[in-house]
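As recorded in TrEMBL:
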type	residues	note
TRANSMEM	20-41	transmembrane segment
DOMAIN	21-513	domain 'K+ potassium transporter integral membrane'
TRANSMEM	61-82	transmembrane segment
TRANSMEM	144-167	transmembrane segment
TRANSMEM	187-206	transmembrane segment
TRANSMEM	218-238	transmembrane segment
TRANSMEM	263-283	transmembrane segment
TRANSMEM	295-316	transmembrane segment
TRANSMEM	336-363	transmembrane segment
TRANSMEM	384-408	transmembrane segment
TRANSMEM	420-439	transmembrane segment
TRANSMEM	446-468	transmembrane segment
TRANSMEM	474-494	transmembrane segment
DOMAIN	525-785	domain 'K+ potassium transporter C-terminal'
Amino acid sequence: MDIDYGKCWDTSKSWKSTLILAYQSLGVVYGDLSISPLYVYKSTFAEDIHHSETNEEIFGVLSFVFWTLTLVPLFKYVFIVLRADDNGEGGTFALYSLICRHAKVSLLPNRQVADEALSTYKLEHPPETKNSSRVKLLLEKHKFLHTALLILVLLGTCMVIGDGLLTPAISVFSAVSGLELSMSRDHHQYAVIPITCFILVCLFALQHYGTHRVGFCFAPIVLIWLLCISALGLYNIIHWNPLVYKALSPYYMVKFLKKTRKGGWMSLGGILLCITGSEAMFADLGHFSYSAIQIAFTFLVYPALILAYMGQAAFLSKHHHTIHKIGFYVSVPDCVRWPVLVIAILASVVGSQAIISGTFSIINQSQSLGCFPRVKVVHTSAKIHGQIYIPEINWILMILCVAVTIGFRDTKHMGNASGLAVMAVMLVTTCLTSLVIILCWNKPPILALGFLLLFGSIELLYFSASVIKFLEGAWLPILLALFLVTVMFVWHYATVKKYEYDLHNKVSLEWLLALGPSLGITRVPGIGLVFTDLTSGIPANFSRFVTNLPAYHRILVFVCVKSVPVPFVPPAERYLVGRVGPAAHRSYRCIVRYGYRDVHQDVDSFESELVSKLADFIRYDWYKTHGIIDNEDDGSRSGASSGECRLTVIGTLAFSGTPAFELEDNVQLASVSVGFPTAESVTDVIEMRPVERRVRFAIDNESEVDSREEMDTQLQEELEDLYAAQQAGTAFVLGHSHVKAKQGSSMLKRLAINYGYNFLRRNCRGADVSLKVPPASLLEVGMVYIV
């Protein structure tokens, strides 16, 4: 899979490239935000307030819309939040990843010092202020704050999933509802729901083709739609009320609230729909660049939306007694109503596609960090990273979308539900960004507090207006979020407890080395890959395996596939390899590291790739051991258990040349590659150290010929053993786990573990399927975990 890590598009700094990226972002980022004029006024004036001849209501709503669009998407996201990126990636998990790297608040237990040497693990270290260090110490000290932070992130994730359910329903329904102006009421009420459901089913049915096929015309559609609503807005302003610009004054907001009181406050639940899709600017940052998203919103999307809302307000200010309900299509001239209807439906499909793709992406990230049951992830593009399709989630979303459309049947209830989900996500982003300002940017806490109070108060006001409509649709995202947070937290909690059980029940290296013919243990031909979550020590499932089957393979590899809190791990830094015991034992440890946006198992044959890395490590280790690569102060180990050799990063890029110099560098952050005259070049090797080392490359001389020949013979024997074992076949040893709560555990824990987690485990994808293990080569070892 040819994937460009970090960014999916060319992010050259030239203006031409930036403008192309800005154009491409229209179809991916702004589809949802740009279609909000379809339903904002209709949702706002549903029941809580009524349009009067004084125009105070419509002008007040316009003022609220203008300032909400200005403060939240423009000031908050474009100028502040977009800068809180994680190696170019945005979204809830990007913020959580940044916080976890700058403060020890992660609940993932398999953290290693070696992970901090990753090039994408870069930390900015400006001078820490006294107050920021206090906040950091406070967070690190209390374990319940770690759990609270994770629950906050999971809540935001669940609300994004809820938005992925509600946005397609309200967008397509609002677009299709334009038929009401061209059909009789009797025909209209029987036509809109079936047509909406048909479009939704078609949209979800096409998802397996991938965004790059389904959405090749997304950007032109959104561009045409933005130009269309801009032109309509200008026409309505000029033709009906050129003085409508006065309503942009904050004075009209105060006047609106004074007149409408409680009804006006409740109507804010409709006004907030004008910023649905704002979170997509941050979530999709990794596909584009900061400059491209900033330019597209500031110079095209924002002005187009303001003109569209002003145009609708200008029309409504002169039509107080219209027989039609307040909506988008009443302000569209009859002569262009049908073309606008077609463009609106296409734009709503684009907006729905964007949020569906975002839902797939965030579920994949949750799964990578052990916060969601394993599901099938299909990568639909071999070149563009991040374009994925999850069949199970796709069909569940389709069923729920159709059910919401049929069940609610109006924009009001859908808007109430969608608005609450949107504001919950924004509140989570505001809280996490405040922590990033303190912990990562090392700014004074007063700035973070100001950010939190300014934008948090705005979002809380809108959130309160949505929550008050709990019985009128807002119950849906709350119920969905409670269910999903429970599922995700139970899965994560049980995963952590399983790891802790493995950690406490692992066996010593001496036990492994003592296994031999005297105990009736034999070594059989082939490679045994023992999968474990442990990064050191011998897992309990292997001891169970040997106890029941007194034999193991000639080449033994303990494989740990782990996620690290970075978006991407470069392929050259993915594999950490080391020995387990002496060279003659032919046992190794391999840690395969992935970021939360990486493609897992992104090679055609994991087995062949692993054997290649082992061969590279064996060459490197022999040359290092015999002084051709002489590492001073070689006595320390890198976090491995006693008797295990230091883990080494084995990359993929080959180098040549004969170095004859000393290099003093911090090898944690660099790749050391060497060439040899008598053997194949070692490929891109990094040796992990907790401190700075001096690495000396030495050329052998004639006095060392005998020892060199002996070393070459032993090296050749070990490589021949490896390749012979590969020819004999590979067995994959996985644990088949059943988890039980300890005796005396609370009723809640017993329900969560004994029934909840085990039900999810039985009905999600198995580890063998996720790891692409051939069924004929699979050996499962039954394990009962008491947690």
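Cβ coordinates come from backbone N, Cα and C, glycine included.
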Confidence summary for the domain 'K+ potassium transporter C-terminal' (525-785), mean pLDDT rounded: 72
Tertiary contacts of the transmembrane segment (61-82) (same chain, 6+ residues out, Cβ under 8 Å): 33, 40-41, 44-45, 90, 244, 247-253, 256, 267-268, 271-272, 274-275, 278-279, 281-282, 285, 290, 293-294, 297-298, 302, 305-306, 309-310, 313, 426, 429-430, 433, 451, 455, 458-459, 462
Two-stretch contact, the transmembrane segment (218-238) and the transmembrane segment (20-41), at least three Cβ pairs under 8 Å: yes
Stretch-level contact, the transmembrane segment (187-206) and the transmembrane segment (20-41), CB cutoff 8 A, at least 3 pairs: no
Most Cβ pairs under 8 Å with the transmembrane segment (474-494), selected from 144-167, 295-316, 420-439: 144-167
